[in-house]
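Starting off with a structure, shown below.
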Amino acid sequence: MNDSNRNKTFSQFLLRKSIDPGLGGVVNDILSACIDIANTLSKSPIEGLTGSSDKSNSSGETQKTLDLLCNQILRDQLRHNQSVKHFASEEQNNAINVNESGAFSVAFDPLDGSTNIDINGSVGTIFSILPALSSSSPEESFLQPGSNQLCAGYVIYGPATQLVITFGKGTYIFTLDVEKEVFVLTEEGVRVPYETSEFSINMANARSWNKEFGNYIDHLLDGKCGPRQKNYNMRWSGAMVADIHRVVSRGGIFLYPSDKRKGMQSGKLRLIYEANPIALILYNCGASAFNESNSILSVTPSRLHQRTPVIAGSTKEVYTCLNYIQDESTERLSEYLQASLCHD
């Protein structure tokens with residue numbers, strides 16, 4: 001990175017890039033909320049905030065106490081921004097109308113990977129900003145394809161608190177200066193490698209995968225002994241934002257396919273709150289993001305909490321996976337596997 005750009009604050013970055021002041025102000029409010037969330041998370045074991053609540057979200061999942069608290073922090077910050085017309089949260093059933101004159105609709109997952117809280121694992125906040133529509137209901141403003149996003153980002157709370165963000169032209173990484181409570185630019189022009197030898201998936205679901213997808217994973221696991229003819233490493237953190245951050249940092253492929261379990265036939269991850277913002281980030285650093293047939297950014301949601309399969313990361317590996325799951329003659333690959341004896 002050019003030394004003249006290193007350690008520029010996020011506000012300085014907005015000015016240098018001539019970002020619309022209203023849009024920049026919305027992101028600044030999100031980041032203020034994320035700083036509060038980072039502080040809250042750091043004290044959560046001391047203050048007894050790490051357990052589950054007695055409430056469930058729109059998908060019937062038990063909410064952690066911190067899910068609700070982080071959601072409230074973001075709500076409180078955004079409801080006073082005159083540029084925000086609507087916001088929608090993964091933790092709420094309905095979209096909320098904020099200011100009729102606002103220009104933007106904000107969707108967010110306030111605490112992705114909250115099950116990692118109990119083990120002090122990495123978690124994050126994911127957000128997406130769309131142009132607000134003159135709709136009859138707040139929900140309709142979010143039923144736009146991901147390609148319409150004006151900005152997408154996530155904040156990962158780990159050893160350092162980092163922001164990964166795109167305004168549609170490149171992906172940038174900022175790191176929180178905890179003493180000054182500002183995000184400073186630490187990496188620009190982020191590029192995800194075209195090829196990879198690392199994948200992220202929950203192997204516990206293997207018995208429920210479709211045959212073609214199972215063949216793809218089997219061939220990764222077979223390494224040099226199989227048709228892929230190279231060894232792969234597997235990683236899985238339990239938080240999408242952490243696994244995607246690994247992809248952004250060094251390449252890889254993140255996989256959460258549809259499967260045969262009840263309620264998972266269309267995937268698990270939320271299109272509006274998770275998949276769309278992550279997809280925009282990845283495309284802007286040379287990676288790819290698909291459901292099992294199309295670019296995630298091309299899908300127009302039909303409902304607020306719509307789910308989707310996700311195959312995202314290093315472009316060559318994403319397309320290789322798609323070739324497996326879209327090919328009805330994967331038996332030929334299995335036959336090749338049987339003929340590929342490993343002598344290492």
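Cβ atoms here come from the backbone N, Cα and C positions, even for glycine.
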With D109, L111 listed by TrEMBL as binding Mg(2+) 1, identify the candidate in E90, E91, E100 belonging to that site.
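Candidate in the recorded Mg(2+) 1 site: E90.
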For the Mg(2+) 2 site that TrEMBL lists with D109, D112, give the additional residue from the candidates E198, E212, E274.
E274
Should L111 (Mg(2+) 1 binding site) be counted as helix, strand, or coil on the basis of DSSP?
strand
Between C-alpha atoms, which of these binding-site residues comes nearest to L111 (Mg(2+) 1 binding site): N202, K268, E274?
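Result: the closest of the binding-site residues to L111 (Mg(2+) 1 binding site) is E274.
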In the structure shown, which of the binding-site residues E90, D109, N202 has the fewest other Cβ atoms within 10 Å?
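Least crowded of the binding-site residues E90, D109, N202, by Cβ count within 10 Å, is N202.
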Can you count the other CB atoms that lie within 10 A of the CB of E274 (Mg(2+) 2 binding site)?
27
For D109 (Mg(2+) 1 binding site), find which of the binding-site residues N202, K268, E274 come within 10 Å, Cα to Cα.
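Checking Cα-Cα distances against D109 (Mg(2+) 1 binding site), the binding-site residues within 10 Å turn out to be E274.
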Sort out the sequence-distant neighbours of K268 (substrate binding site) for me: same chain, 6+ apart, CB within less than 8 Å of its CB, listed by position.
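Sequence-distant Cβ neighbours: Y256, R307.
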What whole-number Å value do you get for the CA-CA distance of N202 (substrate binding site) and E90 (Mg(2+) 1 binding site)?
21
